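Asker: Dumping what Swiss-Prot says about this protein:
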type	residues	note
BINDING	Leu34, Gly35, Arg36, Gly37, Asn38, Phe39, Gly40, Leu41, Thr42, Lys57	ATP binding site
BINDING	Asp417, Asp419, Asp421, His423, Glu428	Ca(2+) 3 binding site
BINDING	Asp452, Asp454, Asp456, Lys458, Glu463	Ca(2+) 4 binding site
DOMAIN	28-290	domain 'Protein kinase'
DOMAIN	332-367	domain 'EF-hand 1'
DOMAIN	368-403	domain 'EF-hand 2'
DOMAIN	404-439	domain 'EF-hand 3'
DOMAIN	444-474	domain 'EF-hand 4'
LIPID	Gly2	N-myristoyl glycine
MOD_RES	Ser196	phosphoserine
Amino acid sequence: MGCFSSKELQQSKRTILEKPLVDITKIYILGEELGRGNFGLTRKCVEKSTGKTFACKTILKTKLKDEECEEDVKREIRIMKQLSGEPNIVEFKNAYEDKDSVHIVMEYCGGGELYDKILALYDVGKSYSEKEAAGIIRSIVNVVKNCHYMGVMHRDLKPENFLLTSNDDNATVKVIDFGCSVFIEEGKVYQDLAGSDYYIAPEVLQGNYGKEADIWSAGIILYILLCGKSPFVKEPEGQMFNEIKSLEIDYSEEPWPLRDSRAIHLVKRMLDRNPKERISAAEVLGHPWMKEGEASDKPIDGVVLSRLKRFRDANKFKKVVLKFIAANLSEEEIKGLKTLFTNIDTDKSGNITLEELKTGLTRLGSNLSKTEVEQLMEAADMDGNGTIDIDEFISATMHRYKLDRDEHVYKAFQHFDKDNDGHITKEELEMAMKEDGAGDEGSIKQIIADADTDNDGKINFEEFRTMMRTESSLQPEGELLPIIN
């Protein structure tokens, strides 16, 4: 939701929802964890009186740092109530509050994420066609249309926020998260940064936007569904946001010549950089390619599905390498990072909260915005518990600075170059990825292809070093922390 973290709001006597406190465990049996974020976690739960299964999103009060954040929670609940019952939108059940948390109980969607459904077709060798893509985007744009009609701008449309109601072939796609959503105020120009990389609209980056930004995000999803990758690249650092604002998308490259011209026309209309000229949700649903039965059921080349799989596996090898480097830093090298961690962790809890990170960075001379610090927090918080521990801190700071030292990168290269022949081969890369439970053959081939500038089918040290020093634009630009030598 963008504004959770800190210990400032301890268990308050007044209630956030302005109704009596309730022990949720007397109403529901809380079960397995479904997901975790900076604000808390979502669990499967069973209603004791009926035996029905729901999902329970628990927001810890200690993560709400001010009244603005409390208002964000109340707004999310109001929006879910207002939209409940609309097609393709998760059903709101109820909201409760106890002394520690706010609990939002909603419909349980047991079919997994949207991309998982598509990739399952790839895994079992089934076909995937424009017809499937049109059906998926129809559900997504139907959400946008209903949100806008009901006076809500979603602001964070991405595949991860869409789940399937079941594992059945005819399962319904539903949007589940309204943490970034706002009520649309007539004539208001929105300026705050909201959304996710890849899917964020250019006008959002420019700080001047309205509900049309949701159509752009849906258009990016459609683009990816039809070609298997994003139109924008994250590397080198900062390039993606610049491309979102200005890059002319090339539809002459494969596989676009194989796509229906009407599909391409729709993507172009949804990705018009002028929000005033961009197609509306109702117009998308009425587009010739989108009409029921119009999109081709001819199987799309398997390369698109394999690209989708690689798109999800992006940067996994880098994470494997970073984990190795962090684990092998000497005590002397870690000493400086530990000192910095201790200075920022002012309450000496062993964990850095968002508020401590903001205060610490300001004290160190950083002028990052609130959103940029939140992005940094999210990137460093690997286990998603809302705080940064010492290991996460070392990995995050080492990621940006220790990679400038050849000895660290070379030591990692040697670790993955099992036969010490000066190259990381496909087999060696496969071994490294499988040890970490990441990557398939297509992803591994793509990692090599992306890094292998001399096209010999292997990764030498120079290529490895270049790959590891190429940053992701997920991190805010500029120096975040002082360099530790």
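Placed from the backbone N, Cα and C atoms, the Cβ positions cover glycine too.
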Asker: Measure from the CA atom of His423 (Ca(2+) 3 binding site) to the CA atom of Asp454 (Ca(2+) 4 binding site) and give the result in Å, rounded to a whole number.
Answerer: 12
Asker: By a simple count of other Cβ atoms within 10 Å, which of Asp417, Asp421, Glu463, the binding-site residues in the record, is least packed?
Answerer: Asp421
Asker: Select one residue from Arg36, Lys458: among these binding-site residues, choose the one with the most other Cβ atoms within 10 Å of its Cβ.
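Answerer: It comes out as Lys458.
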Asker: Within 8 Å of the Cβ centroid of the Ca(2+) 3 site residues Asp417, Asp419, Asp421, His423, Glu428, which other residues of the same chain have their Cβ?
Answerer: Phe416, Lys418, Asn420, Gly422, Ile424, Thr425, Lys458
Asker: Around the Ca(2+) 4 site formed by Asp452, Asp454, Asp456, Lys458, Glu463, which additional residues qualify by having Cβ within 8 Å of the site's Cβ center?
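Answerer: Neighbours found: His423, Ile448, Ala451, Thr453, Asn455, Gly457, Ile459, Asn460.
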Asker: Where does Glu463 (Ca(2+) 4 binding site) sit in the DSSP three-state scheme?
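Answerer: Note: Glu463 (Ca(2+) 4 binding site) is helical by DSSP.
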Asker: A 10 Å Cβ contact count, applied to the binding-site residues Asp419, His423, Glu428: which residue has the minimum?
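Answerer: Output over binding-site residues Asp419, His423, Glu428: least Cβ neighbours within 10 Å is Asp419.
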Asker: May I ask for the distance between Asp456 (Ca(2+) 4 binding site) and His423 (Ca(2+) 3 binding site), taken between their Cα atoms and rounded to an integer number of Å?
Answerer: 10
Asker: Which of Thr42, Ser196 has the fewest nearby Cβ atoms, counting only those within 10 Å, among these recorded positions?
Answerer: Ser196
